[in-house]
Ligand code: IVH
């Protein structure tokens, strides 16, 4: 039986171990254990914290999911001003910078450190006695916003410091760095938002800024933020660093995620580093907009000091922007699957960073107004985040005299229905129930890989089917014939046959795919899966209450409302019924048909170190078992953790099979989850 002091020591050991593996995984990208092994450690810690809630401090790694939402961010006055950097753009700028330093210091050659200039947001973090206690945005350099709860959700940021190599935990440490989103994470984030019918982020920087400033940390926890640190602020109990390099190495021994850096000697050294990083910028997993050059020697830095808001010892050597100017030939409105109207600029084709760009998104009405882009304007376009080209700015001097501001349509340009603002006010949507533009997108989504996976039914064909009037609802897809298909432009007999075969094959599907295919706003693949588990039969959703839906895993109040309204809508019920009538058969999620838990009644008692009660229940149910609250002759097993009391006694009296935690975990592991 464990006691509090034992549990406390074990929790500490687990936190240290988890921090170590987090660092290996998120910072070094070289894990030493499997995800399953990591989960086991995490579960053991959760078990201890459940038993002894006083152990569940905010800096426990179990708390990364995000704490309570706030009304507003508090203000933080920085202990020392957060400086910014002067920019240089060319070799002349570099020469001036380097010469000035030589003159001021009287040295003939100076050692520098070069770091990627991360394109994110500056933040300051404070650790007290090794615990992460405060994190703030830069703000105006003097005062920033308290975003501690949001920063806690970033997995690569240690909540507690466990130094190695015999280094002592500093009494008070302030570190500064950058919050950003990796290119790959950005791509996935936008893909998910598109799937869920939400507006897309223009670039990783905007996505990072928006994510960090969420009032609900649970939202931030769902965003893939990364962090790199590159400087220290006023601290206590630190060793004296001779160089910036020593400082960065020291931060590494504390287990902190430190920015990349390389040494450079004199202006020539810097030039070489600049050429290397300019060539390598696209290969980096994150966006950089330049290279930061810093004097390495800390003593020299102090002597050099600062001018107004930037230090004399550092400079940002910017990369030439991947921007070009071109002309806006037209502004069009695109209608998405969920009816969102997105303004798109049609451009005179121009090469930006090696890629020809002929369209750029203007995101939404507010953005369009803010930038005041008009037909005929000369604009700068930038390839942002390697994904969506965007318009940076208009060149006012080149605006044609007769130019008129673009007026956002009040009605859908495709079906003519009224266009109305969303609840959150940013997106304007077509309200037409049978809008063909929405229908094309809906059909495409219905046929997409994670939905009914109808091979050959892409963008072009969806448009043809809708505009020819052959498809007015999803169910019409199942009534298509070879003859009707062959009436479409460029549709041969063979392709028609192939398409019909894949449509026919898509009838046998799963409830998860089926729910996803309906294109309900906010319902991506993961939500569809959770919904399918809770509602294995689609028609039970017609009568499900808002409360029933809110109980589904990860479904928040806004999402629950949208889902509830969707299934209440008679038109949607008709569509679903028509699909079922057309022979579409969504199989419920598989329930285990074999294994020790199928059809069994299990009672849980006492506490388990490795598994919380709720999780144990979920795992048993997934394996086809039922969890009951009290022991009777009908009970098949009792799982007895520590401190099991009367239920264990009753089980012994009745001769019910008793499992200890280890035996139970082995049984779980031996059976696959349904
Ligand atoms: S050092 C006193 N290092 O660039 C020096 N800044 O324009 C403080 N930045 O506000 C900054 N990467 O947000 C430094 N490796 C790096 C950086 C970096 C990006 C940002 C930072 C700063 C801005 C200055």
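Glycine is treated like the rest: Cβ placed from N, Cα and C.
In sequence order, 288, 289, 290, 291, 292, 316, 317, 318 are the residues of the chain that are 6 or more apart from residue 117 (active site, N6-AMP-lysine intermediate) and have a CB within less than 8 Å of its CB. The annotation active site, N6-AMP-lysine intermediate is assigned in TrEMBL to 117.
DSSP assigns residue 39 (NAD(+) binding site) to a helix. In the structure as shown, the Cβ atom of residue 39 (NAD(+) binding site) sits within 10 Å of 13 other Cβ atoms. Taken from TrEMBL, the feature NAD(+) binding site applies to 35, 36, 37, 38, 39, 84, 85, 115, 138, 178, 294, 318.
In this view, residue 415 (Zn(2+) binding site) is surrounded by 18 other Cβ atoms within 10 Å of its Cβ, with every protein chain counted. The Zn(2+) binding site feature in TrEMBL is assigned to 412, 415, 435.
Here the domain 'BRCT' (592-674) has, by DSSP, the following mix of helix, strand and coil residues: 29 helix, 17 strand, 37 coil. What TrEMBL records for 592-674 is domain 'BRCT'.
Neighbour count (other Cβ atoms within 10 Å of the Cβ, all protein chains): 12 for residue 37 (NAD(+) binding site). Classification of residue 294 (NAD(+) binding site) by DSSP places it within a strand.
A 10 Å cutoff on Cβ-Cβ distances gives residue 85 (NAD(+) binding site) a total of 18 other Cβ atoms nearby, all chains included. Put simply, residue 415 (Zn(2+) binding site) is 51 Å from residue 85 (NAD(+) binding site) when counted between their Cα atoms. Taking only the Cα positions, the spacing between residue 435 (Zn(2+) binding site) and residue 35 (NAD(+) binding site) is 45 angstrom. Checking the binding-site residues 85, 415, 435 against ligand 1, the ones whose Cβ sits under 6 Å from it are 85. Between residue 412 (Zn(2+) binding site) and residue 138 (NAD(+) binding site), the C-alpha separation comes to 42 Å. Take the binding-site residues 412, 435: by the count of other Cβ atoms within 10 Å of each Cβ, the lowest one is 435. For the pair residue 294 (NAD(+) binding site) and residue 415 (Zn(2+) binding site), the Cα-Cα distance reads 58 Å.
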